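Encoded as structure tokens, the structure appears first; notes follow it.
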Amino acid sequence: MARTPITPQRVTSAGLAPAAEPANVDGNSMPLSPGHVLLVDNGSAAAVTVTIPTPAKFDGLDVAERTINVPAGEAWHINLGGQPVYRQPGGVAHIDYSPAPDATVTVAVLQV
């Protein structure tokens, strides 16, 4: 199975009730751009670790992956800020979850 792309949802002055989708066991991808924020809503009874792989190298060394621990029952916003360190081919960021089954994921495009 392949990664599932997440379609950004635009937040307007009228507000947004974002539609969530289940986290893909094989990971998700999202467009990497300033103003894109990942919302991880952890509906499980245990913490979920969100990992953002970094394909970048600095001075020949691998850049460490970003890991975020989202506690059980909490929703966290993660701003990758369009940082090139996370940019995969195609201009997207990859998102991995451990474990994935009960985590729900939404990406919102915030207008600043």
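Don't overthink the numbers, they just go from 1 along the chain as shown.
Just so you know, glycine gets a Cβ as well, placed from its N, Cα and C.
Quantities reported herein were computed from a predicted structural model and do not represent experimental measurements.
Looking at 1-28, 29-56, the range tied to region 'Disordered' in TrEMBL is 1-28. For the region 'Disordered' (1-28), the list of distant contacts is 36, 38-41, 48, 92, 94-97, 100-101, 103-111: same-chain residues at least six beyond its ends, Cβ to Cβ under 8 Å. Taking H, G and I as helix, E and B as strand and the rest as coil, DSSP gives the compositional bias 'Polar residues' (1-12) the counts 0 helix, 4 strand, 8 coil.
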